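Input: a single structure, listed below in structure tokens.
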Amino acid sequence: MKLNVNLPRKPYDIIIEKGSLSKVGQWVKELWQPQKIALITDNRVGSLYAEKVKLGLEDAGFEIVVFDFLEGEASKNLTTVNKAYEFLLKQGMTRSDGIIALGGGVVGDLAGFVASTYMRGIHFLQIPTSLTAQVDSSIGGKTGVNTPLAKNMVGTFTQPDGVLIDPDTLNTLGKRELIEGMGEVIKYGLIADVELWEILKDLDGSTDSILENAEKIIYHSCNVKRQIVVEDELDNGVRLYLNFGHTIGHAIEATAGYGKVMHGEAVAIGMVQISRIAETKGLMLQGITEKIEAMCLKFGLPTDYSPWNVEPMYQALKHDKKTRGQMIKMVVVPQLGQAAINQISLEEMKEYLEK
């Protein structure tokens, strides 16, 4: 399966194919001339796939160096970025060379940020290995790292030269890591793809049902993301729809401590909680929140977070990129397959969270 992200400045393809990791050398050679490549990964994914990818690229004529870091959201910071810069400099990486991100969302976000800022930008490719990264973070060009106060607060818009998705990599994920990716998948069905929502309704919620339908799930999700990014690359309009569940979700991630609550889990909680607020305000059809919660619970995703720690969450919301003055943009789903943007005051949001 192939999807094209047809951006005027930099179009690129998303390849979705089981077993495609075995063809990585051929894929990269079609995009880049033989050169030096830094493979950026984390210690867990690196132990599984780095050698296979390295050998495939070397067989295609590339010189490969590998930079890895400790897995997890806690590593997605400027300290790790600086270590990557030092590594690239010591390896003699130049602007004609490239970086490949091999891993989940943390790896992709961090490697993309490094690629976009090292020497003011070098070539970059994404090979996402987690469900969250395959359906969401590897597409669209957002890169970034966290600060102690807020998630993805430092970042760039930098499109990759291509995205290679091998659904077989999902087989090596732990149960929790696979399930958390369904938070983003459910989001896509809710904001723009009723057909995807119906596919999810037919699944029994087991990990086997996710893996058996992975290509279909990934394709639908990537297609929604692709269409939205092409319409609004720089996040000034409809791309905000992709933040459904993320406002409260990011606040939970920041206040719980990065990595304690996984991203897709936080998104699931955020979707349910923001929908409860929206239904109370008459911004959504009655009963949609119940459907969202039931879908999340079916796949084993959390829908509530305790303790709420409302004051730290309130402080995190104040730093959210959607906050303007004392108001914050709130993405809601008026009906299934449709998203809308409303505003709510930070104080009103705090009052709802305290209930």
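Glycine is treated like the rest: Cβ placed from N, Cα and C.
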Next item on the list: Return the residue out of GLU184, GLU347, GLU348 that Swiss-Prot annotates for the same Zn(2+) site as HIS246, HIS263.
Entry: GLU184
Checklist line | Nearest of the binding-site residues (GLU184, HIS246, HIS263) to ALA74 (NAD(+) binding site), judged by Cα-Cα distance | finding: HIS263
Item checked: SER130 (NAD(+) binding site) - helix vs strand vs coil (DSSP) -> coil
Checklist line | GLY105, GLY108, SER130 filtered to the binding-site residues whose C-alpha is within 10 Å of HIS263 (Zn(2+) binding site) | finding: GLY105
Checklist line | Neighbour-count leader, CB within 10 A, binding-site residues: GLU71, GLU184 | finding: GLU184
Next item on the list: Return the residue, from the listed binding-site residues SER130, THR172, with the maximum count of other C-beta atoms within 10 angstroms of its C-beta.
Entry: SER130
